[in-house]
Ligand code: BG6
């Protein structure tokens, strides 16, 4: 009862009424309902036919974050945010199916032929009454070091992004400001508000916990493990209106608090596993 396969998606349900929908395309969580409310933003203009990455929910960014680097060549040939979000994943296992919580593990297919590295990628999605956890497992099955970046690109639904307050980035935390051409700066520790386009990569966030007060009596706590960095992104009108798959004024209805390992490439020695996880609590 807790896990339903529809062909294109997997639906999770708990006895408390929480639910989640996961598209096999990109293993993208596209809906999370808790307390009777939808907690993830999904653009009404998003392609859902596997022709493009899904705009909203929680796309998986791997093995690069952002535009491709200039080298090595097999990474330079990748498209923005890598291939994991456009691969057809499969349901590997139902990890837990109990009235109070449901957990599944998805497996990614092998990488494209043009990316000659040996690794496996698994994704565990766990739903309970007030929490959604997603854990990315990367195992180096080759005989040489494997380098990657990875990030869980959640789009958290809020009633009005201009009214939210984001807490948890301690004073002194260094960030790269992508809006200001990758300028490095330091957080002043004050709550962050969305009063302009924000696209910042906070590096090694000490608390590994960011909260969003949505200004309307609820919000989110995003905790991360394995992942140390966190990108905070909201494009606002100037950039958001140029995105073909962004619904009208969509940027007013979400904020992205994206745990990841993205400040540099992570080196994973042969035979080792890296787990990067987020636990999102609906407040
Ligand atoms: C964020 C990046 O994580 O993703 C932004 O920091 C980027 O720079 C955004 O614009 C969306 O990326 P995409 O590829 O889904 O349009």
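In case you wondered, yes, glycine gets a Cβ from its N, Cα and C as well.
Note that TrEMBL annotation is computational and uncurated.
On a predicted model such as this, the values are computed, not experimentally measured, just so you know.
According to TrEMBL, the protein carries these features:
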- 153: active site (ACT_SITE)
- 258: active site (ACT_SITE)
- 55, 80, 85: substrate binding site (BINDING)
Just checking: which of 55, 80, 85, 153 have a Cα that is within 10 Å of the Cα of residue 258 (active site), counting only these recorded positions? 153
Rounded to the nearest Å, what's the C-alpha distance separating residue 85 (substrate binding site) and residue 153 (active site)? Just drop the number here, would you? 10
Around ligand 1, within a Cβ distance of under 6 Å, which of the binding-site residues 55, 80, 85 show up? 80
For the recorded substrate site, enumerate neighbouring residues of the same chain (Cβ within 8 Å of the Cβ centroid of 55, 80, 85, site residues themselves excluded), in sequence order. 52, 53, 54, 59, 61, 81, 86, 153
Least surrounded among the recorded positions, given as 55, 80, 85, 153, 258, when other CB atoms within 10 Å are counted: 80
